[in-house]
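Student: Structure provided below as structure tokens; questions to follow.
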Amino acid sequence: MGACAMNPQALKGSAMLAAAMLLASGAAMADVAPQAKAPTIAKELQQAKTYTISSPPTAPLEMAKPALPALSGYTDAAMEKKIVRAKPGKISIRRMMQEDALKDFIGGDNKMAEWVVRQHGIPQAIFIDDGYMNLKDLLGKVPKQYLSETSPGVFLAKLPIVVGRKGILEIDKKTQELRLSQEAGSFLINDGQLFVRDTKVTGWSEKANGPALYKSPKEFRPFLLAWGGTETYISNTKMASFGYANSKSYGVSISQYTPNMAKVLKRPEPTGWIIDSEFSDMWYGFYCYETTGFVIKGNTYKDNIVYGIDPHDRSHGLIIADNTVYGTKKKHGIIISREVNDSFIFNNRSYDNKLSGLVLDRNSVNNFVADNEFYRNHTDGITLYESGDNLLWGNKVIANRRHGIRVRNSVNIKLYENTSMANGLTGLYGHIKDLTDTDRDIALDPFDAKVSLIVVGGELAGNGSGPLSIDSPLSVELYRVSMLAPTKSSGISFNGVLGDRQEEILDLLVRQQKAVLIDPVERQTELQD
């Protein structure tokens, strides 16, 4: 689709750009003129004098690229094998009160009023329990005022549909489209096993006789939520017009139960796969909370409202691969935030998003970000906030409006063989920031105002204000980094603490082809292993 058409162009453009800059920069790499220092950076110069420049051995920097997880097992055929159809399920219509899976939507703050108004009475839901049910089988078993076939294969649901703890619901190609009524307050809850394959599920406005298109954050729109202990599998499906600004109602959400309920229910973390599907006009394209091993592969997330893909709190072991994310209207294409650890983000394309292409945020550590393309995002290509011990390898970060790669308050960030080119500001920008006077909850999201980087290989070329700027680093190690001139200058210039020692650094890095270690004199702190 859009991505396929645009991707080769972006890469072709970057190759042409590189060739043009090689010609334009001429001997920029061999003959770098030190720039006159403006008086305004006196403080930086004073800091710079407290750093030593040395050439460490290169052997410890030579690292083989870690293996990425195989994706061949995550297929529709493998999904099909997981469906147990042996035991027919039971269907009932029950009141929404007293149901664990619905407590979050019924409890305090007069939450029940929403459903009373939409259903014109005591709120009810359709429940599938104790076995397998195909959505088409619900017809005839559920009164027509709650679920009807409006044209062949097109179903309109006017109540929430809940897959019970031992329930299995399959929505497949027998369903051309499932429409969840916005006016009647329909949504989909998985508390068991849910399979959505070869179909279409849409938040539907009966009034407009069309999708429940986004109008405002607080306006109810149908959504899908899977709770703790569940498995959710979606393949070759189009989902659109889900979600709004209300807890767990964001679009497609996979979430452990809330802490108080989780203590009582003791259900394991939820999991599942979403493959080869398309999500558009969602408040969040994907959200998860305390989720394990979830796979998001080969999907398109386009024109969603706040985020495309948003794994959150303490989710881990995720695979986010081969996705195309573009046109996110309010924030980032992909963001992992608050202790989302030990995950793989690779072979994705994220472009034309309102803020960054990818963000690693709030102490998300030990993640491997490889072989992605982040381009034409309206702020940074890749942003790391307060998230140390991450490895970025072989990413192409091109023509983003601000920095290519920005690293804030994050230590032991390893950047291998990345290309950061033609970005509006800096190719690679490392800095510290004191967040104590912000609205941040420091107990929930602690931070250290420290930054340290290892940069090996790759290319920093043609960025608007220079290849590299690092402010107050704990340490920086550079080796085999190719740098070409920024667009606004005849030669390379470093900003931040590197500026004062630029000639020394470039002599080692470019002319002598050695590694460079920039280390504060006062601490000489080693990078944490």
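Keep in mind that glycine also has a Cβ here, set from the backbone N, Cα and C atoms.
Here Swiss-Prot flags 1-30 as signal peptide. Summarising the annotation, Swiss-Prot assigns repeat 'PbH1 1' to 229-256. Marked as repeat 'PbH1 2' by Swiss-Prot: 291-313. The active site, proton acceptor feature in Swiss-Prot is assigned to His312. Residues or ranges marked as repeat 'PbH1 3' by Swiss-Prot: 315-338. According to Swiss-Prot, the feature repeat 'PbH1 4' maps to 340-362. What Swiss-Prot records for 364-386 is repeat 'PbH1 5'. Residues annotated as repeat 'PbH1 6' in Swiss-Prot, with sequence analysis given as evidence: 387-409.
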Student: Same chain, outside the repeat 'PbH1 2' (291-313) by at least 6, Cβ under 8 Å from its Cβ: which residues?
Tutor: 1-3, 71, 74, 214, 243, 250-251, 254-256, 268-285, 319-340, 343, 350, 353
Student: Using Cβ atoms and a strict cutoff of less than 8 Å, what residues sit near the repeat 'PbH1 4' (340-362) while being 6 or more residues removed from its termini?
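Tutor: Contacts with the repeat 'PbH1 4' (340-362): 3, 6-7, 10, 68-69, 308, 311-334, 368-387, 390, 397, 400, 445.
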Student: Could you give the residue numbers and ranges of same-chain residues that sit at least 6 residues beyond the repeat 'PbH1 1' (229-256) on either side and whose C-beta is under 8 angstroms from one of its C-beta atoms?
Tutor: 76, 79, 82, 104-105, 163, 165, 187, 190-204, 211-214, 217-223, 262, 265, 267-291, 294, 304-306, 310
Student: Count the Cβ atoms, other than its own, that fall within 10 Å of the Cβ of His312 (active site, proton acceptor), considering every protein chain shown.
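Tutor: The Cβ of His312 (active site, proton acceptor) has 24 Cβ neighbours within 10 Å.
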Student: Look up His312 (active site, proton acceptor) in the DSSP assignment and report helix, strand or coil.
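Tutor: Note: His312 (active site, proton acceptor) is coil by DSSP, not helix or strand.
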Student: Please spell out the DSSP helix, strand and coil residue counts for the repeat 'PbH1 1' (229-256).
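Tutor: Helix/strand/coil tally for the repeat 'PbH1 1' (229-256): 0 helix, 13 strand, 15 coil.
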Student: Return the average pLDDT for the repeat 'PbH1 6' (387-409) as a whole number.
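Tutor: Per the prediction, mean pLDDT sits at 98 for the repeat 'PbH1 6' (387-409).
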Student: Could you tell me how many residues in the repeat 'PbH1 6' (387-409) are helical, how many are strand and how many are coil under DSSP?
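Tutor: Secondary-structure breakdown of the repeat 'PbH1 6' (387-409): 0 helix, 10 strand, 13 coil.
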